[in-house]
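Per Swiss-Prot, substrate binding site is recorded for 14, 15, 16, 17, 72, 129, 133, 137, 197, 198, 199, and the stated evidence type is sequence analysis. Sequence annotations record features per position, and here Swiss-Prot assigns FMN binding site to 67-72, 82-83, 88-89, 111, 146-147, 191, 201.
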């Protein structure tokens, strides 16, 4: 098969969206109510990693970067994730805190996009979550200098065993280079796949203490 033939096959990959639509009359005034409903349905549907979200940032040159992380908490203040503070995404957020999040629930023919500003979590919030993690995950946080270049996986594995021995007694301390961010809720867009590619899109935008809701063309 030639490269052109393979490209033609990819171009014809498609499916119809048949899960149902999203109507304005069914929307709650608060987008978190709809988000919670959709997230609950994603969990009930046994989707793999229903809390997985794409976090998009930009560097100082305007170059976009994306990666998947797990949502760990959400409320009216924003959506929370944790990371190594020496990572590329953390440095980019420090330089430009404007980010977007995307929840891709393909099986349900849905996606949710959040736009807002990321702020560092307090040490108290980070410590509370850190010590709720499995012990090996706590140790793993100490091992990796995230986004740095390494010559072999064995370096990480050896470091993990070394630190597991070091921290075998008592509580694993919180690394100073490990923390989290809360992304404020400025805009939230809900997308539901529709028949004939007539998808339903609704954008919530915060205006003072209320939310403005607009339908967007697909």
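Cβ atoms here come from the backbone N, Cα and C positions, even for glycine.
All features noted in Swiss-Prot, drawn onto the structure.
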residue: 16; record: substrate binding site; Cβ neighbours (10 Å): 10
residue: 67; record: FMN binding site; Cβ neighbours (10 Å): 14
residue: 71; record: FMN binding site; Cβ neighbours (10 Å): 19
residue: 72; record: substrate binding site; Cβ neighbours (10 Å): 14
residue: 88; record: FMN binding site; Cβ neighbours (10 Å): 16
residue: 133; record: substrate binding site; Cβ neighbours (10 Å): 15
residue: 147; record: FMN binding site; Cβ neighbours (10 Å): 13
residue: 197; record: substrate binding site; Cβ neighbours (10 Å): 10
residue: 199; record: substrate binding site; Cβ neighbours (10 Å): 18
residue: 201; record: FMN binding site; Cβ neighbours (10 Å): 17
Quiz item: For substrate, with binders 14, 15, 16, 17, 72, 129, 133, 137, 197, 198, 199, what's the maximum Cα separation in whole Å?
Solution: 44
Self-check item: In three-state DSSP terms, the structure that residue 67 (FMN binding site) belongs to
Solution: strand
Quiz item: So which one is it: of the binding-site residues 14, 69, 82, 111, which has the fewest other Cβ atoms within 10 Å?
Solution: 14
Quiz item: Restricting the comparison to the binding-site residues 14, 133, 199, which residue's C-alpha is spatially nearest the C-alpha of residue 67 (FMN binding site)?
Solution: 133
Quiz prompt | Residue from 14, 16, 133 whose C-alpha is spatially nearest that of residue 201 (FMN binding site), among the binding-site residues | solution = 16
